[in-house]
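J.: The feature ATP binding site is assigned by Swiss-Prot to Gly119, Thr120, Lys121, Gly122, Lys123, Thr124, Thr125, with sequence analysis given as support. Annotated N6-carboxylysine per Swiss-Prot: Lys230, in sequence order, evidence recorded as sequence analysis. Per Swiss-Prot, the feature motif 'L-lysine recognition motif' maps to 405-408.
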Amino acid sequence: MITIDKILEILKNDHNFREILFHEHYYYNWTQNVTFNALSYDSRQISSDTLFFAKGATFKKEYLDSAITAGLSFYVSEIDYGADIPVILVNDIKKAMSLISMSFYNNPQNKLKLLAFTGTKGKTTAAYFAYHMLKVNHRPAMLSTMNTTLDGKSFFKSHLTTPESLDLFRMMATAVENQMTHLVMEVSSQAYLTKRVYGLTFDVGVFLNISPDHIGPIEHPTFEDYFFHKRLLMENSNAVVVNSQMDHFNIVKEQVEYIPHDFYGDYSENVITESQAFSFHVKGKLENTYDIKLIGKFNQENAIAAGLACLRLGVSIEDIKNGIAQTTVPGRMEVLTQTNGAKIFVDYAHNGDSLKKLLAVVEEHQKGDIILVLGAPGNKGQSRRKDFGDVINQHPNLQVILTADDPNFEDPLVISQEIASHINRPVTIIIDREEAIANASTLTNCKLDAIIIAGKGADAYQIIKGNRDNYSGDLEVAKKYLKR
């Protein structure tokens, strides 16, 4: 519940209030007592006591008309649509929605310890590590790209890396109702670009890495813009953990100089001194030897990042050790074995840098023929297509099958051809993803060989023309073709 007086107070304090406009009359205050028992940005979810946020580049007046027909009596907007109900006009609808939602749900962020991860890759894996560390002796909720849990028991698929602010604070409130003590979440650059976490301060923020990604017409116009929005997490955290090996580390180091911080990686006090496939040793604040199920040094680095963050939240080294040992992540370096002994690696690697690291791990263990099944999504991250080509060109013996991966409103054949145009040798294009995986499974001969299925991980859908069409998921499809 929230009153109109409280809403106006919030907006005025944030210098985000213009006026209330109704029948061409302007109001700075509203004398009538009005209380809202629901918030919505979806015109299909409206009742008479709902406050509606008219937001988005594609918003149309007919959506507002539909909401008014359903009983809407007030809305918030940057634009006066000339409707027959009062409008609260603001300078920034996204800022307004975040702060009003925060208050509506009784500031649940103050009742949870908040841990956030950002970075081009590794956010989900690091979040899972932190979740398992905290779970040993606490009650953490988690919002991740892969799965969300608000009670530690039931899990559901997330639609956005970071939810819309209204949904985010509703989820936090549910976690509080479920007596959760901590919230682990991923914070994307888009979350700051679209102000989904506006006004939110995290107890610990972690910056894992940065490389060019999410650059395109509907995302970030430049790498500078992408990097800037990533760094906003540092300014909005009470303590930070940063990878000292990341590109452009010096600017981040300077930015966090006066914030309590830990660095990890080479040239820092928290460093891996021994790395085996399923164990590693750390010097520094986390000094110990750790067992780990996820292979690859980059996963060990993600574990250190999560461990340092949890240490700042009061988690013991023993709980950190147990958490790392227990962590698995759906769609992250999942391994199957064909009857001929060849390995199938299913991984979410979905940009050039993560593909590069995935190939390095597989090539370290598999010395025979390696087949890569790969695609790129439509209508986003267009720079990935060239990046994939550049990485593939560094592996001349790699056999490549290009296929569909969430083509959305683009033609998957055109996407595959664009990737192929950046590759310096012939590749195979099989648009049907299951057919591509089936074909790859026929190309191995012995235990030294491997198939890498990259991009979708555990996602059991294909995004086609704005819809999530059913797809079994790469792991389930690969299981069908183990006989070789």
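Glycine residues also receive a Cβ, built from the backbone N, Cα and C atoms like all the rest.
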J.: Pop the Cα-Cα gap between Lys230 (N6-carboxylysine) and Lys123 (ATP binding site) into the table, whole Å please.
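T.: With distance taken Cα to Cα, Lys230 (N6-carboxylysine) is 12 Å from Lys123 (ATP binding site).
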J.: How many Å lie between the Cα of Gly122 (ATP binding site) and the Cα of Lys230 (N6-carboxylysine)?
T.: 14
J.: What residues, ordered by sequence, lie under 8 A Cβ-to-Cβ from the residue listed as 'N6-carboxylysine' and sit at least six positions away in the same chain?
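T.: Same-chain residues close to the residue listed as 'N6-carboxylysine' (Cβ under 8 Å, separated by 6 or more) are Thr118, Gly119, Ser189, Tyr192, Phe207, Ile210.
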J.: Give me the count of other Cβ atoms within 10 A of the Cβ belonging to Gly119 (ATP binding site).
T.: 23
J.: Ranked by the number of other Cβ atoms within 10 Å of their own Cβ, which of the binding-site residues Thr120, Thr125 ranks first?
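T.: Selected residue: Thr125.
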J.: Using Cβ atoms only, which residues of the same chain lie under 8 Å from Thr124 (ATP binding site) while being at least 6 residues apart in sequence?
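T.: Correct list: Ser144, Thr145, Met146, Glu186, Val329, Arg332, Tyr348.
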J.: Counting only residues 6+ apart in the same chain, whose Cβ is under 8 Å from the Cβ of Lys121 (ATP binding site)?
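T.: Once residues fewer than 6 apart are set aside, Lys121 (ATP binding site) is near Leu208, Asn209, Ser211, Ala349, Asn351, Asp353, Ser354, Lys357.
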J.: Please report the three-state DSSP label of Thr120 (ATP binding site).
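T.: For Thr120 (ATP binding site) - judged by DSSP and reduced to three states - the answer is coil.
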J.: How does the motif 'L-lysine recognition motif' (405-408) divide up by DSSP, counting helix, then strand, then coil residues?
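T.: Here the numbers are 0 helix, 1 strand, 3 coil.
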